[in-house]
Amino acid sequence: MLVQASVTNGVVYALAPAEPLPTIDLSKSIRGQLLSARDHSSIHRFLTKYHRPLLFANMIAMLMNIVVTGVDALTGQILSVISLALWLPMGIAATSTLRYDIVRLIVRTFDFWFFSCTTTLTALMISTYFWDLRFCRMIIDWIGFHNIVFIDGQVRGIRHLVIVTILGIPPLVFVLFWIMLDRLDGCTSFSVLSHRNKPHFSLSGVDIIGNYMITLSLLITKIVARKRQALHLRQRSSVIECVIYRCGLKLKQIEESRNCPARNARPTRVTARNQRIAITALNANTSSEPRLIQQMMFVKFTHTFDSKHVMLPLRVADGIVVFLYVVGIVGLVLSISVFVKSESMKPNVLLMRSAGGLFCTLLFVVPFVALYQRDLFKLLVTSFDFLFYAFQATAATLSVCILYDWEQSRCLMLLTWWIWIHWALTLDALTPIMRHKLRFRPRMAAPIVACMLLGHIAVICRVFFIGDEKLHDAVLYQGVIWDHQLAVPAMPFYFSRIVTLSLWCPRLIWRLSIASKLDVTIIRGSVCYDNYFAKHGRRRSRGRTMHERKHSPSLHRGQVKPTLPTGHSPHSGTTLKSLVAIQPQAN
């Protein structure tokens, strides 16, 4: 019997960090690590003395940077150079105050390198599109975008940075439209890749710029949305929740569900009130005396996951597991053979193979989906990483269907690939006890993801290097905007999706390859740390009396006195020079 009613007792799981969280030293800043004490003090005095004029110049530079795209080429070049000179002092200074240990953690993440590569590629392509001194504008954008991705290391002026970032998104969209509409003075597009044989395909610089600026806008919006939500939940808290650096998670068994029927009768929902309660408890557990050296804290999920609460309460019989895997392999092989041998097969045979591959794939996937834990599945499908993967995979699938002019056998083949990749993306919703029943290990899904990625890369190779008479470029959107004919072809859109998937899928393959039966691969956990500077600043500004001001040693504006951990002498460790922030103490 393939499936039957489940009668076994469930297990309750909670998401917990898969590895110990790192320890950080907030006394270290980028500037303090790179410069000597003398140079550090000199720069600090200069920035403190001229803080307001430099801030005003920075704001003027940002306004000029927006105007560059709307004026003629000569004026734009002059404004670009002036805006770069006005913006650099505060732009570089803001980067120099980032906490060194947080930056080290961020640069080890995939999100940072993907964001950095996307930003660098976009800046280079737009600079090539300008091909004059207006490339100075892209230097400002490149540094500014990296300041955004390092937002976890900012301990001062976080709300102001979020506001500036929000205000910077519309100009980014404006530049995108101006380039797509070919309204920039003195700029011409250029070809990056083309296939001259029939059918003809080409990939221009404007196509790449447009697609990657859309990706960049999505990533910036994600960072801002996460940070804004974290700030809203922690309005009166000194705890800083990281939005880029996140920890790996595992499903940790906490109890048997039969021992607590009342608790598991209705799973807890994730609400803003629940999160505030968790944050209040987190703040209560933090030390009353803030420390510079501390271990990062895990933001606990406020709900648990009962393995009995599945999509469909079914149990796979032990003797059928091998049959399921055989059927799944057959479905995968049939779908791949449709693509590999499409030229040598008759249309009816091709259609039968693609339909057979789809049927076998569904027969394999359905039992997995039936055993997904409901609340874990909801948490998974609402995460940014899943939505980003799903969007890229779905957009790539639809693009190839359009390129093949919706030919039935190819569409069924692509639908099968789409099901396989989404099966791999949703495996986090399978609890360890269900993985054991299915004799499943996460590493089994790694070759599936690799095959699907290689299949789409092979389609790109057929387009530009081999040629395929079945592939025909099409227009996704065509219209007239401001007396300009705007057309969005399918091929550049598909090419950009595959480049993005080629960067993201290796990370998923690696996670699946090293994951244990308890680990999750898509869902990430939030971590935070206690902001020493926020707590210490409030205490200094509110708690000092006139008598204390007269007798206590004077500190420069923006300077804080470190709290040393137990066992450290006043002369050991990092000096006070790395604690100095650019902005005044009042924030």
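Yeah, the Cβs are placed from backbone N, Cα and C, and that goes for glycine too.
Caution: TrEMBL annotation is automatic and unverified by curators.
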Would you please say which range out of 201-225, 476-500 has the annotation transmembrane segment in TrEMBL? 201-225
Answer yes if the transmembrane segment (316-339) and the transmembrane segment (351-372) have at least three CB pairs under 8 Å among residue pairs 6 or more apart in sequence, and no otherwise. yes
How about the transmembrane segment (161-181) and the transmembrane segment (54-71): at least 3 CB pairs under 8 Å, pairs 6 or more apart in sequence, or not? yes
At a C-beta cut-off of under 8 Å, are there same-chain residues at least 6 beyond the transmembrane segment (54-71) that contact it? List them, or none. 47, 79-80, 82-87, 89-91, 93, 134, 137, 140-141, 164, 168, 171, 174-175, 178, 184-185
